[in-house]
Amino acid sequence: VVTVDCSGYPTHACTLELKPLCGSDNQTYSNKCGFCNAVAQSNGTLTLSHFGKC
């Protein structure tokens with residue numbers, strides 16, 4: 001199981017750093033910040049599928 005530590009999120013500003021992650025919703029998130037904000041909005045139902053683009 002691949003995991004990402006999302007403690008400290010959500011945050012209001014994310015960098016534009018490109019380190020893509022693929023979520024369980026089959027959506028590519030540009031970086032950990034964007035992914036973790038989406039996890040927070042989903043109340044924890046969104047999980048990491050794998051690192052890299054979907």
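A Cβ is built for glycine as well, from the same backbone N, Cα and C atoms used for every other residue.
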Quick one: Swiss-Prot says CYS54 makes a disulfide with which of CYS22, CYS33, CYS36?
CYS22
I'm trying to understand the geometry here, so how far is the Cα atom of CYS36 (disulfide bond) from the Cα atom of CYS54 (disulfide bond), in Å to the nearest whole number?
16
Whole-number Å value for how far CYS14 (disulfide bond) lies from ASN43 (N-linked glycosylation site) (Cα to Cα):
19
I'd like to confirm something. Which of the disulfide-bonded residues, CYS14, CYS22, CYS33, CYS54, has a Cα closest to the Cα of CYS6 (disulfide bond)?
CYS33
